[in-house]
Structure formats: C-alpha cells, structure tokens
Amino acid sequence: MSKIFDLVVIGAGSGGLEAGWNAATLYKKRVAVIDVQTHHGPPHYAALGGTCVNVGCVPKKLMVTGAQYMDHLRESAGFGWEFDGSSVKANWKKLIAAKNEAVLDINKSYEGMFNDTEGLDFFLGWGSLESKNVVVVRETADPKSAVKERLQADHILLATGSWPQMPAIPGVEHCISSNEAFYLPEPPRRVLTVGGGFISVEFAGIFNAYKPPGGKVTLCYRNNLILRGFDETIREEVTKQLTANGIEIMTNENPAKVSLNTDGSKHVTFESGKTLDVDVVMMAIGRIPRTNDLQLGNVGVKLTPKGGVQVDEFSRTNVPNIYAIGDITDRLMLTPVAINEGAALVDTVFGNKPRKTDHTRVASAVFSIPPIGTCGLIEEVAAKEFEKVAVYMSSFTPLMHNISGSKYKKFVAKIVTNHSDGTVLGVHLLGDGAPEIIQAVGVCLRLNAKISDFYNTIGVHPTSAEELCSMRTPSYYYLKGEKMETLPESSL
C-alpha cells in the first residue's frame, strides 16, 4: 500500500534537503526524502548532504586548508620563526581521519533533523519514478530489485546531483575519480590528475603538499591553458604559481590508455605517444547529471542535449508535477545555487510566491593554491555582449610576501566594466583571501555597482582587497569586440 505525501524528494543533497525542510517547516507539508546512504564513504559516497558534504566542497576545503600549512611553515622563517631541527612531516592518515569525523558530524546532524522535524521523513534506498505521482524505493539501483516502499505524491522533486565523468579509454578501471581520492589510505608518491578544471587543480595542490619525499605531482590537460572559462590573466598566473610550487603541468596532452606495471603502478600512454609512470591516476574531466537510475522514461521527463533534466526558469520539467533542481539540471553546478533553487521552488509550489533563481552574477571560488574568486562576466564574454568594455587590472606582491620568501605569489585583481555607463560586469581575483573577498563583491554586482562606487570607497589598509578601491584608470578596452590600449576619440 502506498504512503501518501505532498512532496517526495529523490536525493538528500543540499538542494533536496533545503526543499524538503522548507516544505515541512514553513508550509507544514508532509515530505519524504530518499537517498541511498546516510553516512559518507564507500560504496556510494554521496550520502546525507550530497556531493558537497561528502565528496565535494566540505572535505575538499578541509584538505586544502591542511595543504596550505606546508607553505606557512616554510614562509614562517622570514618572520623570525626558527625550528630546532626536529623533523616536521605530513600525516595523511591523521588528515583523512579528522576529515572523516567532521563529515560524519554533518551526516549525523541531518539524521537528527529528520528525527526532530514533524512531517519530514527519510527513506533509505534507490528512488525512481513508477508514474508521474508514484515513486518506488528499491533495495538497489536495479529496476528489477525488491521494492521497499511505494510513495504517492502530489509533487515530485528530482535532486540527485551529479557524478564524476570517466573517459572511455582502455584501462580506465585502473584510475580513480575525486570520490575515491578523498579516501586514499596513503598519499600518492607519484600522481597524475587528468583535466584542467577546478577539481583537478585543487587536488593537485593537496597532493603536492602531502606527497612523500621524492614525490611528484603532474597535471595534464588536453588544451593549452588550464581552467577554461575563467579569466585568462588569472589562468596564466595560476599556471606560473603551480609550476613554481613544483607541480608539472602537461598541456595539449590527453591519456589514450592506462595499464598496470608489475609493481602495481600505472603506465599512462598519452595520445601524443608520450608515457608516464605514476602510482595514482585521478580523472577529473568533469561531472555529469546523475539521471541514469531514475527511470525518467516511465513518465517521459525530457533531458537536455548534455544529459541534464530539462527545466524552465521555475525548475519545472515538462511533466507538470515533477521538478528538478541542482546539478541534475546542469545549469550551474554550485551548492549555494542548488539551495537557492530548492527554496525558490518550495515558495513557488506551496507558498503561492512564484520565485526563480537568478543564475547570473553568482560569486564562486576555486580553492587552488593560490585560490581564485570570481563573479560575473570575463572580459571576452563582456566584449561580445557590450559595445564598449573597460578593463581595470592590477598585479602586485602582497605585503607579507616581501619577507616570506615567496615573492612569486602575485595577487591579481581585475574589474570588467561596461564603459558606456561604468557598470561593473565582472570581478576576478587570484591570491590569498580571494574566495572571502569575492563574496562581498557579489553583493555589489547584484546592486549594479559602478566602477566609481568601487574607487570612491575608502579601502582597508594594508590589505589585498583595497586594490579594488584603488583602480581608477582602465588598463585597456574593447570596442565592438576588438581589444585596444586606448579608445579612438570618435568613440569617447
């Protein structure tokens, strides 16, 4: 016999939990949330809290924080700190254990939320669509496996997130994804991270800090410059600093196959014919919407050409009572975006307050070493959308690095504006503190701040952030898509 709910949510990630909690607490609806695992780790990895909590933002940020201490220890000598000769070494096992405990605490807090919230129920298993109003919960992902529960609902929300993409090459079974990287029993001595995106760059920094003596971190990317889609100046500077930190970056290289050596290490053959022997190959070539186990075909839910669930601006699918939010829609794969989408959906469906998520001017960060903060348009995109664009840029050595021994660690700040009216279209930062600074910048962009608002604001001294309040003269311009040092008088 079916259990009846107002809302059934498949997926207990950030967006699904936000939607379920809000529906139950704000609008007193009866809500069911389904997921395959309560606590983090193998075999399914994404448990209560979703990718972010279990195999994404949270554990990654903890591990990056740990990795930064390598430089802090080295740089402390410039500030008068001396060590008596006793060894300092990284303890990977201790890091992973501490990370696991922190993530488990969050898992348990969500368990408590379900136990303590009236009208909010959790079901363990694999949720899939039987009809447009019925969700079945099965023992496994196999659609022929035993049915544990049958849930009837007026509204169904798909929020199963995304999954690491693995390439179709021989020997891919010898490689890991970022999921497994969070649970490696030992730090790899020789590691190859494949991909030029933020996940590959972030893990390269983590592995580089914790590698055993004599270790080597290599990052390969199929194109000529990592971090496609980010500001080009920052991409170039990140490459310089990663290289200065000892990471080898192989551009225009892509693995063709991976085989095992007799000692268990991996032999990577690239499309160019080059080879590399490493202990771990981590694939980080992107993430794909996790739709394959939902049985969407049973009700005809449409997908986008890239495999995401097709939705409108209110997160509605083509089936009237079925919705989708978060990574599964392949709109903007960021945790705060999924949370906002979940809250907006519940307000729309149950609160009679139609609301949609604004996917523009969303601040985000890359927790690489050095870190990146970005919000709004990069200059190439702005130049296509606006006739006249002015770019303000500054690159400098932060005060601390004048004595830290790391003068190569430049801070880069760039402001992209519509030169016709001064509106700030994008801000891009590289260096210590960039992720923290960019959050406040995001508020400015949402308020349609102008460049004059920035330079007329008194900065906090001495900080890197004050540079945003110091740039009064454009570094260069774009006119009808063409880059130039100065604008012709006729266009002024």
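Every residue, even glycine, has its Cβ placed from backbone N, Cα and C.
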State the disulphide partner of Cys57 as given in Swiss-Prot, choosing from Cys52, Cys175.
Cys52
Using a 10 Å radius on the Cβ of Gly41 (FAD binding site), the other Cβ atoms enclosed count 17
Cβ neighbours within the same chain of Thr38 (FAD binding site) - under 8 Å, at least six residues apart:
Ala47, Leu48, Asn107, Glu111, Phe122, Leu124
Could you round the CA separation between Cys52 (disulfide bond) and His44 (FAD binding site) to a whole angstrom and send it over?
14
Mapped DSSP class for His461 (active site, proton acceptor), helix or strand or coil:
coil
Around the Cβ of Cys52 (disulfide bond), the count of other Cβ atoms that are within 10 Å
25
How big is the Cα-to-Cα gap, in Å, between His461 (active site, proton acceptor) and Gly41 (FAD binding site)?
44
Spatially, and counting Cα to Cα, which of the binding-site residues is closest to Cys57 (disulfide bond)? Options: Asp35, Gly41, His44, Gly50.
Gly50
